[in-house]
Amino acid sequence: MCGMRILGLDPGVAILGYGVLDFFDSAPPVVCDYGIVQTSAKTAFEARLAAIYEDINSLFSAHKPDLVAIEKLFFYKMGNTISVAQARGVVLLCAAQHGVPYVEFSPPQVKLALTGDGRADKRAIQEAVQRELGLITMPKPDDAADALAIALTGWFHHLPPAAREAVPAYSVG
């Protein structure tokens with residue numbers, strides 16, 4: 001039996017990354033599943049949101065997470081930010097319907113937690129995810145790797161402060 005199962009999510013409308021990790025008291029995290037939910041730009045927006053809902057709802061049903069860790073919105077293009085916010089709303093609706101609490105982290109918070117540098121590049125994050133999860137290769141695509149990084153950050157922030165020092169990636173900096 002696992003101590004905690006975290007569903008990490010990197011929200012998006014075209015591509016939404018997900019990663020499911022199990023955490024035990026003193027053992028390394030275990031990767032249960034990761035991947036992406038993809039929708040086509042040729043599909044009506046409301047149908048894309050419905051597809052995201054169905055796929056994410058299936059993930060909740062299949063994996064029964066104890067916690068959702070999701071990336072906070074990062075403002076860069078107004079139109080894109082609004083559509084990502086709507087996709088996040090769909091994800092948070094699923095979490096609420098399944099009675100699963102959520103935590104959210106900005107991209108710099110995830111980078112800082114995994115590398116000790118809030119401005120780390122994507123490659124450094126992927127290497128940290130690969131190292132912390134004991135993966136032979138870097139997880140692909142990038143959105144799935146980001147979701148695994150968000151799940152790891154969720155676990156780190158769930159730990160009591162004294163326990164954080166024992167986690168190698170998080171004692172950096």
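Glycine is treated like the rest: Cβ placed from N, Cα and C.
Reduced to three states, the DSSP call for Asp10 (active site) is strand. Among the features that Swiss-Prot reports, active site is placed at Asp10 (among others), with the record citing sequence analysis.
For Asp10, Asp143, the entry in Swiss-Prot reads Mg(2+) 1 binding site. Of all Cβ atoms in the shown protein chains, 23 besides its own fall within 10 Å of the Cβ of Asp143 (Mg(2+) 1 binding site). In the three-state DSSP assignment, the secondary structure recorded for Asp143 (Mg(2+) 1 binding site) is helix.
The active site annotation in Swiss-Prot covers Glu71 (among others). According to its DSSP assignment, Glu71 (active site) is in a strand.
Sequence-distant neighbours of Glu71 (active site): residues of the same chain at least 6 apart with a C-beta under 8 Å from its C-beta are Leu9, Asp10, Pro11, Glu104, Phe105, Ser106, Pro107, Val110, Asp146, Ile150. Residues or ranges marked as Mg(2+) 2 binding site in Swiss-Prot (evidence: sequence analysis): Glu71.
Here Swiss-Prot flags Asp143 (among others) as active site.
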